[in-house]
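Have a look at the structure below before the remarks.
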Amino acid sequence: MSDPRPAEPRDVLPAEALLAEALRSEALLEEAATPAATEPISGAVIVTGTDTGVGKTIVTAAVAAAATAAGRRVAVVKPAQTGTADGDEPDAATVLRLAEPVTVRTLASFPDPLAPLAAARVAGEDPLTAVMAQLALRTIVEDHDITLIEGAGGLLVPMGEGGWTVLDLAAALGATVIVVARPGLGTLNHTALTLQALAHRDVPAAVVLGSWPAEPELVHRTNLHDLAGDLVGAVPEGAGALAPALFRREAPHWLAPLLHGRFDPVAFRSHSR
């Protein structure tokens, strides 16, 4: 005789749980990787990277140049600039040189080339608070058609007091995020992790490749095929060394219509095979 009691729910096997989480993460990436807007973006736009040194500043300058050429009033803000003692050109100055006329502003700067919170601590200075950053940025956003906010390092680098991050800032401002990714080895994992973190906070994002080589190798071509997210641009290697007038003229060709340009990701992928 069969047992009339209902069967107890069985435990989900680890493999099944892992598969379920993988499928959920993939769905989140697909859902949040493409910004909701179909028109060129406006308002607050944050430029972050999968790592430091991936080309955020040059991509920021390219978007600023393309938006300016499209007749938009553009501001570029660096919440925290570090490494000022090195004597290198500050990021805001690089953007101004390549993309003028744009409004540029740096909210805080520190001498050592460290993450902003650590740089403030080492310098014995007050770190930037999330409230200060948001208030300053909201005012700038109100006065411009598009405000590009360039982060420091990657998405989760501690930016200031309490360890707030670029991800926190994006969520607070309701900003679209441009993720600048390397074209080379390691980028698939780094890009997917960054997009996944954004997706879990419901922050819309798209990907721009920084420093795309003139002669891509096999690793670049396969990464281009497998890269997560919505590709909306590819800035060529060495673009930052171009004469400013040439940079401004070429910038729209590197960026998709979402970023005020004429880049076609489908044609780019097809041509780069």
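Counting starts with 1 at the first residue shown.
Keep in mind that glycine also has a Cβ here, set from the backbone N, Cα and C atoms.
So that you can see what the record holds, here are the features copied from TrEMBL:
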- LYS78: active site (ACT_SITE)
- GLY53, VAL54, GLY55, LYS56, THR57, ILE58, ASP91, GLU150, GLY151, ALA152, GLY153, PRO236, GLU237, GLY238: ATP binding site (BINDING)
- THR57, ASP91, GLU150: Mg(2+) binding site (BINDING)
- THR82: substrate binding site (BINDING)
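On its own chain, GLY151 (ATP binding site) has ILE46, VAL47, THR48, GLY49, LYS56, PRO79, VAL157, MET159, VAL166, LEU169 as residues at least 6 apart in sequence with a Cβ closer than 8 Å to its own Cβ. Nearest neighbour of GLU150 (Mg(2+) binding site) by Cα distance, taken over the binding-site residues GLY53, THR57, GLU237: THR57.
Note: the Cα of THR57 (ATP binding site) and the Cα of LYS78 (active site) are spaced 10 Å from each other. Of all Cα pairs drawn from GLY53, VAL54, GLY55, LYS56, THR57, ILE58, ASP91, GLU150, GLY151, ALA152, GLY153, PRO236, GLU237, GLY238, which the record names as binding ATP, the longest spans 21 Å. In the three-state DSSP scheme, GLY55 (ATP binding site) falls into the coil class. Just so you know, of the binding-site residues GLY53, GLY55, GLY153, the Cβ with the fewest other Cβ atoms around it within 10 Å is the one at GLY53.
Its Cβ placed at the centre, GLU237 (ATP binding site) has 18 other Cβ atoms within 10 Å. Of the chain residues outside the Mg(2+) site list THR57, ASP91, GLU150, VAL47, LYS56, THR60, ALA61, VAL76, LYS78, ALA92, THR94, VAL95 have their Cβ within 8 Å of the site's Cβ mean position. Of all the recorded positions listed (THR57, LYS78, THR82, ASP91, GLU150), ASP91 has the fewest other CB atoms within 10 A of its CB. Using a 10 Å Cα-Cα cut-off from LYS78 (active site), the binding-site residues that qualify among GLY53, ASP91, GLY153, GLU237 are ASP91. Secondary structure from DSSP puts THR82 (substrate binding site) in a beta strand. Here the C-alpha separation of GLY53 (ATP binding site) and the residue listed as 'substrate binding site' works out to 13 Å.
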